[in-house]
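Note sheet for the following structure.
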Amino acid sequence: MSQIRAIVGTQWGDEGKGKIVDFLAKEADVVVRAQGGSNAGHTVEAFGKIFKLHLIPSGILYKDKINIIGNGVVIDPESLIEEIESLQKEGISTENLRISDRAHLVMPYHKILDEEQEKQRGEESLGTTKRGIGPAYTDKTERTNLRVCDMLDEDEFVHKLRIVYERKNRILTEVYHKTPMKFGELLEQFMKYGEILRPYITDTIKLLNDAIKEGKKILLEGAQATMLDLDYGTYPYVTSSHPTVGGFCIGAGIAPKHIQEVIGVVKSYTTRVGKGPFPTELLDRVGDSIRERGKEYGTTTGRPRRCGWLDLVVVRYAVLINGIDKIALTKLDTLSNLPKVKVCVGYRHAGKILDLFPASLKVAMECEPIYEEFDGWSEEEIKKAKEYDQLPKNAKKYIEFIEKETGAKVFLIGTGASREDIIIKEN
């Protein structure tokens, strides 16, 4: 019987999913990325180097794993080719990479529109990465976008590009006063991309479902996180896809019944990039200290991340939506050397106590966090620990409190940046 595990972010992204996928990929045969685009960033430290992946699954760092970019991903071919070449320069083989022929493309006009729309929003800007992801998903929904398979058939690409070309140029020139695109240049560019990527492009739905029939071990790698989900996140400060388990099934092309285990990745504190509610945000020296110690700067944009205490209202919500079975807790070392560590267990709003995240953005902005406080631990104690029993007493209290409040057992604990800095907690 095939074993399928889904790895989902429980907060606003940047939880350290890449490291957890890299660790668990040792046991997998196939690693799948199912949604998002080059707006996501996974950082993995391996072989004494730091790898920053945006589109390619983290399993690519293992020679014997099939790595799939699924149909739910929107692909910027230029960015993907750069990523492939960057890995190859570091001696990492990409021959086991597979790209869905059904995946949608991020076109050059999507990136221009993304940037111009953000400017137009002014103070109401969403804080997008300006990588064209939102406009690409918009065209997908409008049924006017081009797909990966179209790059392999020039006649089909010409036909589909002609349908949208004039309209996109009118928007660029008349609304945003930008230089019009040239049809011939776009065609030549994407035919070239198609030839470079042709060896990787295949029907990944068949490939994945054949792997399930053969009893292969499969890892579904989420990008972004639950609180950025288009339906469940802090709308409109969300992404344009569904980084929840339901979205993985759609974006990979597998039936929900095949998923046996859902692993939620929880950072030991909370961060988010861009605008939107953040009840436990720290706008003081503690927040600055966490940012610097945790190197909390965006993999994709380099923007400093907003930092705050761990919010179990958010994690509880993610456990509920995704049916999370186990938790991988990351970056415990970052909280070292603080005299006190706080955890949010509920929100106070208009005389009521909320234990799940509210739908209303206004309510979320007005919520006052209710904290439990813990004594801190030293970095030296964390770094020395190789097994759970060797962790400092106060850190174990922190971990066991998370388990009690969320109803999900912690089974992995990240204690440093390297792929070796992980403690397995036997339950």
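Each Cβ is built from the backbone N, Cα and C atoms, and glycine gets one as well.
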Problem set entry | Swiss-Prot annotation (region 'Disordered') - matching range among 75-95, 117-137 | 117-137
Exercise. For the binding-site residues listed here (N39, T43, T129, Q224, T415), which one has the lowest count of neighbouring CB atoms within 10 Å of its own CB?
Worked result: T43
Exercise. So which one is it: of the binding-site residues G13, G16, G41, G302, P304, which has the fewest other Cβ atoms within 10 Å?
Worked result: G302
Problem set entry | Spatial separation of P304 (substrate binding site) from H42 (active site, proton donor) - C-alpha basis, Å | 16
Seminar exercise, completed: Students should find that the Cα atoms of T301 (substrate binding site) and G13 (GTP binding site) sit apart, in Å rounded to an integer, by 14
Seminar exercise, completed: Its Cβ having more other Cβ atoms within 10 Å than any other among the binding-site residues K19, R303, the winner is K19
Exercise. IMP site residues D14, E15, G16, K17, N39, A40, G41, H42, T129, R143, Q224, T239, R303: biggest Cα-Cα distance, Å?
Worked result: 34
For this session: Among the binding-site residues K19, T43, L332, T415, report those whose Cα falls within 10 Å of that of R303 (IMP binding site); none is a fine answer.
Result: none
